[in-house]
Amino acid sequence: MAMENPFEGKEIWFGVGSQDLYGEEALRQVAQQTGEMVDFLNATGKIPAKIVLKPTLKSSDGVKAFMTEASANPNVIGVITWCHTFSPAKMWIRGLEVLTKPLLQLATQHHKEIPWETIDMDFMNLNQAAHGDREFGYIVSRLGIPRKIVVGHYTDPEVAEKVGTWARACAGWDASQNMKVMRWGDNMRNVAVTEGDKTEAERVFGASINTWAVNDLVAAYEKVKDSQVKDLIEDYKAKYDVAPELLDSRYDELFIAAKEEAAMVNMMRENGCTAGVDNFEDLGTLPQLPGVGPQRFPSEYGWGFSAEGDWKTSVLVRIGAVMGYGLEGGASLMEDYSYNFVPGNEFDMGSHMLEVSPSIGTIAKPKLAIYPLGIGGKSDPVRLVFSGKPADAVVVSMADERERFRLLMDEVTIVEPQGSLKNLPCARAVWKPKPDLKTAVQCWITAGGSHHTCMTTSVGREAWEDFARIAGVELAVIDENTNARQFEKELELSEMYHRLNNRH
């Protein structure tokens, strides 16, 4: 089993701006040199989607046709623009106003160094990106169109890295726009932060969030073929340290867990869904609260999953899985559980009953085991038990703030647990939040962040910032420079801005 490549067949179109004023020879050089730049960027291996150079943009009609075609093509996930020469910005207005794909403005040039001894006006006319980029930048800012700006010579490794990160955010946005979320049951009773406006979420993020009866899952469970279950069990044996009793005296419970995974996967595929969520309060006649299956949603299928009806976190996990495709690490549901308040040795420990995914990386081979679980009122569930591997990571939550959604992110460092945790029968991760535990927790609570988060170890802050900019959604960030008093003031300004400037 492997996640489908979200970049397969996807393209980023590159539009270079100029004008007929410069003549055929100059325009020929514009196209040739831009082609060299695009070829170089594609060859770096840092940009997961193919960049495709389109004919030079020289007129308002040409720009509008380019933007219209890019917006209508489902394989195009983003547009890069660059002005090799001066390109009058009025000719960009009609095109920019019809663009619906993410935009990146590349401020670069073909030559790396000014040719001090040979530079003349012919060279200046051809190579005036510093001139053209400012003209283009003005009109984009005037129109209020969000875009990522990358500055530097195209051979600078940082340029390709930033373009690549943005391309990942574009893929996350494309996945969000085409996402179907399968809810088995409703929200956990009386819980506030996991609630949210599903209609507004579809308008803002594109994700279609709907409910299927748990009885539908039970019916799918009854239809699963034994051969599919046995194939899953063989996969478990190949990837995990399976507790001996699951292959002997408690094999029936292992079979049930695998059968539940198969049923969930079959329903997801039949309905074209890429994120799912269940609720331990609504299990119908399912034998177990699903454990190992949901844990494998991100790691084996690239799907989002969350618990207790929290579809918002499931959406984030799917987006995180797509953005991080092909990189080390992954995305998972995480929940803050317990603090270590020892001075100088302060940590946050996250976990969940069953659903934390090994996609984030594990210290040792995950153990597939069975333990009692009082919640849910079903038979003992089978689950993966492990500790998250040390890594840089971020935790991201989504909250419904009545008139808008807010994303909240904290940069963290996952560390090894300082003990065996031998009596803790669930997957977990221990981390140091930035800038420190007390400040991070205070700021998180001030911003109304959820106890459920999406933890990503594959992509970090920049990818989520790019995604939030594309979506036009508020993102509050807690990092090493955060000061609680200043954070509260910035949050007030952010609330005011996003209420007044809701471009949706």
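Numbering starts at 1 and runs along the chain as it is shown here.
Note: Cβ is positioned from N, Cα and C throughout, glycine not excepted.
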Given Swiss-Prot lists GLU335, HIS352, HIS452 for Mn(2+), the same-site residue among GLU308, GLU462, GLU465, GLU474: GLU308
Which of HIS352, HIS452, the listed binding-site residues, has fewest other Cβ atoms within 10 Å: HIS352
DSSP-derived class (H/G/I helix, E/B strand, else coil) of HIS452 (Mn(2+) binding site): strand
Count of other CB atoms lying within 10 Å of the CB belonging to GLU335 (Mn(2+) binding site): 23
DSSP state at GLU308 (Mn(2+) binding site), helix/strand/coil: coil
CB within-chain contacts under 8 A for GLU308 (Mn(2+) binding site), separation at least 6: ASN187, MET188, VAL191, THR194, VAL277, ASN279, PHE280, HIS452
